[in-house]
Each structure stands twice: as C-alpha cells, then as structure tokens.
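A.B. asks: Mind looking over this structure? Questions follow.
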Amino acid sequence: MKELSKKLDLKYTVHLVKDGFYGKQDAQGNWKGMIGEVVRSEADLAVASLTITAMREKAVELTKPFMQTGIGIILRKDIVSSESHFFEFLNPFSKETWIGILIAYLMTSVCLFIVARLSPCEWSEPQTEGNRFTLLHSFWYAAGALTLQGAGPQPKALSVRVISVIWWLFTVVLLASYIASFSSMRNSDSAKLSIETFEDLAKQDIIEYGTIRDSSTFSFFKNSNHPTYRMIYEHMQRRHSLVSSVEEGIRKAQGGSFAFIGESVSLDLAVARYCSLTRVPEVIGMRGYAVATALGSPLVKNLSVAILQLTESGELEYLREKWWATTCVSKEGGSSGPLNPHCLGGIFFILAGGLALGVLLALVELAVKSKTSAEEQKKSCCSVFSEELSCRFRNSSSKKDRDVPEKSKA
C-alpha cells in the first residue's frame, strides 16, 4: 500500500476487518469479512492475501494479481524425512569438511614424500640407490591408510613413522565419525514419514491435517473431483480437523503431528519465521492475490497499472525477498546434520602437529648425519648439510648417466 500510494498519490488508513474473515458468503448470500466490508462500502479497498476466485470476482472488482500463490503443506521438520538424492552418501560431512579432508590427504602425501627424502634413515645412499617413497607411492600409501588397507613398503625412519601413525589415527577417527553420522541419519529418516506430495499425505494416517474453515483453500478441496483431493476433504470433514485462522494452523503444526494446508506464500513466510517448520515440495492450485474494490470503482484500473509497474520494475520482487528472508541457519528438532570442520577440528589440529613433528625429526636426523660426515671429511657442518639437501632433491641425472654404460656392457 505504501508503494501504491506513492504511485497514485493516495492517502490511506488501515484497519483490521471486524469479523476476522477474508471473504465468504453466509446462508443468505450475504458477504462477510473484507469482501463484505467493501461491498457495504465500509472500506474502499481490501489489501491482504486475498485470493482471486470466481465468486469474489462477481461481488467486487479485483485488480491484476500482485503475487502468485498455490496450496501447500507445512509440518514439523522432525516428523518428515528429508528428500533423498543420488549423492546422499556425502551427507555425513559438510562440503567444508570434505574439502578439509582432501587438503589433509594432499598435505600428508607431500609430507611423506619430503620426509622420506630428507631422512637418512629412510634413504641412506641417495647417490647410488633410489628412494622407495616416490611422490606417486606417497599418494598411494596415504590412500591405502585412508581405506584401512596397508600399502607397502612400510617406512623405516622414525620421522616417516610418526607421520604414518598420525595419519592412521586421523583416518580411524574420520571413518568412525562418518559411520556414526551416516547411521544416525539413516536411523533418523527411517523413523520418519516421507511426505512430498498431497497423495503421500492422504495415504498416511499418522499425521492429522486440516485447513482454514470456509476459506478458498477449503473450497478448492470441497469442489474438486480429483480423487486425492476429495479424500483429503472427506478426511478433514470426518475428523473435524479444520482451524479458524492461519495462526491457529501454524501453532498446531508447531505443536506436533499436524500438517497445515494453506496458501504457499503464507506458508513460506511461516517457514521463514519458525525454523522448526518445513514446507513439502508440491504446490497445487496456482492462483493470485489481488486488491479488491467496490464494483464500478474508478480506482481498480489505476491500481492494476500501478501493480504492473511495480512488477516490471522489480519492486514487488524486492519486497518479497526482504520480508520473506529467513534467519534459520541450523537444523532444529534434534535431527542429525552433516559434521562441519568445527566438530572435527581437534583431529585436524593433531594431524597438522604430527606433520610438523615428522618434518622436524627428519631435519634433525639429516643434521646428525651431516655433523658426523662433516667431522669425517673435515668440512663445515652447514656446507655438508646443504650438499645433502641438494643431493636429495635434485634430479638424479648423474645416476642415470652411470646406468647407461653399465646396461651397454650387459
């Protein structure tokens, strides 16, 4: 109304409808609710989630729709299972956790490769023999440990063994957490109902369901010839599960085993405000919301044009995103969610410490050997240490050159 008043230079006052209804006819054909107030000239406009119907179109003038809606279902998250998908086996860990595991695997493999080259206990003669822990073998060794399968050859040096043990501990905790989380998710979903359509709702008898009494949604089910919708209408009539307002329906849905059937736009707003609720995917009976004026009112044309202008300029979409924005950031109701890096932060920290310790031990082992060699060769320890490093990380082309004449002789 604020945006419409700017477009049309209107001044308006807002009051709530006296009887609390949107608009329905009584037994004598008289209109109640907002439609009745417009018909009796008690109000110039009716602005609300007022659904366009054939009966209302006969009684009042309705503008172009300012919002599209349909009929949906909301209920508590903890009584309905989540939708399954092809990659559901990835659900136990969050996306950030999987990325962290991949980075940990790559870093551990590279550290194994580096430490195996640094440690003289693992690679004692770099000039004459090849290193067993090549980069490819390091990746294979780490992958084997990740699946609890051994991959030889096994390390000999203390520094490499430290990294191996820490990586084994990391994988055991990781696999235990994955299995526990996956089992919890499966057990949780198996105890819940799978409701994704109105047919699913109609075929079960555990959850009660209902809609607003004498509303346009109620009339949709009452007048429908669809077998599923007729079944839902007859169930609501038989069980007397109708409610008097949207607020009551939402309150009953929050309370437990009750599914509230209403207009999807209103339900989406409730889901955005109450994090314990969820809306099922299916939406039926698409229709629009409109502003109602008295028959023959000169306002209806200008209001329709203004609504179309607001739609074309994106103002209505902006208002929808603004007021329907949700603040729900976590799952409620005790349901199991994916483990994030914060939950497994301790084991990642231990792994990082183990990698650092392994590299440090390898440097110490190399330094001890360099000191011994320096004393034998009467050289400085730093120069021997530098020569050892360069020898262990440069390409062993000289070794290949020596191998060629030997093969020729053979």
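Keep in mind that glycine also has a Cβ here, set from the backbone N, Cα and C atoms.
Just so you know, TrEMBL annotations are computer predictions that nobody has curated.
Per TrEMBL, the feature domain 'Ionotropic glutamate receptor C-terminal' maps to 1-326. Under the heading L-glutamate binding site, TrEMBL lists Thr51, Arg56, Ser216, Thr217, Glu263. What TrEMBL lists as transmembrane segment is 98-118, 130-148, 160-180, 344-368. According to TrEMBL, the site 'Crucial to convey clamshell closure to channel opening' annotation covers Ile195. Annotation source TrEMBL lists site 'Interaction with the cone snail toxin Con-ikot-ikot' at Lys222. Feature annotation from TrEMBL assigns disulfide bond to Cys275-Cys328.
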A.B. asks: Which one is it, among the recorded positions Ile195, Lys222, Cys275, Cys328, that lies nearest to Ser216 (L-glutamate binding site) by Cα separation?
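C.D. replies: For Ser216 (L-glutamate binding site), the spatially nearest of the recorded positions is Lys222.
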A.B. asks: Sorted by position, what residues of the same chain at least six away from Arg56 (L-glutamate binding site) have a C-beta under 8 A from it?
C.D. replies: Gly23, Ile35, Leu50, Leu62, Ala292
A.B. asks: Quick check: with Thr51, Arg56, Ser216, Thr217, Glu263 left out, which same-chain residues have Cβ atoms within 8 Å of the centroid of the L-glutamate site Cβ atoms?
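C.D. replies: After dropping the recorded site residues, what remains is Tyr22, Leu50, Ile52, Thr53, Ser215, Ser219, Phe220, Arg287.
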A.B. asks: Between the Cα atoms of Cys275 (disulfide bond) and Thr51 (L-glutamate binding site), what distance do you get, rounded to the nearest Å?
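C.D. replies: Given the Cα positions, Cys275 (disulfide bond) is 26 Å from Thr51 (L-glutamate binding site).
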A.B. asks: Using Cα coordinates, what distance in whole Å links Thr51 (L-glutamate binding site) and Lys222 (site 'Interaction with the cone snail toxin Con-ikot-ikot')?
C.D. replies: 16
A.B. asks: Do any residues, 6 or more residues outside the transmembrane segment (160-180), come within under 8 Å Cβ-to-Cβ of it, and if so which ones?
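C.D. replies: Contacts of the transmembrane segment (160-180) (Cβ under 8 Å, skipping residues fewer than 6 from its ends): 92-93, 101, 104, 108, 111-112, 115-116, 119, 122, 133, 141-142, 145-146, 148, 339, 343-344, 347-348, 350-351, 353-355, 357-358, 361-362.
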A.B. asks: So if I draw a 10 Å sphere around the Cβ of Ile195 (site 'Crucial to convey clamshell closure to channel opening'), how many other Cβ atoms end up inside it?
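C.D. replies: For Ile195 (site 'Crucial to convey clamshell closure to channel opening'), the 10 Å Cβ neighbour count is 25.
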A.B. asks: Is it possible to get the count of other C-beta atoms within 10 angstroms of the C-beta of Thr217 (L-glutamate binding site)?
C.D. replies: 20
A.B. asks: Note the mean pLDDT of the domain 'Ionotropic glutamate receptor C-terminal' (1-326), expressed as a whole number.
C.D. replies: 88
A.B. asks: Restricting to the chain of Lys222 (site 'Interaction with the cone snail toxin Con-ikot-ikot') and a gap of 6 or more, list residues whose Cβ falls under 8 Å of its Cβ, or answer none.
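C.D. replies: The list for Lys222 (site 'Interaction with the cone snail toxin Con-ikot-ikot') reads Tyr233, given in order along the sequence.
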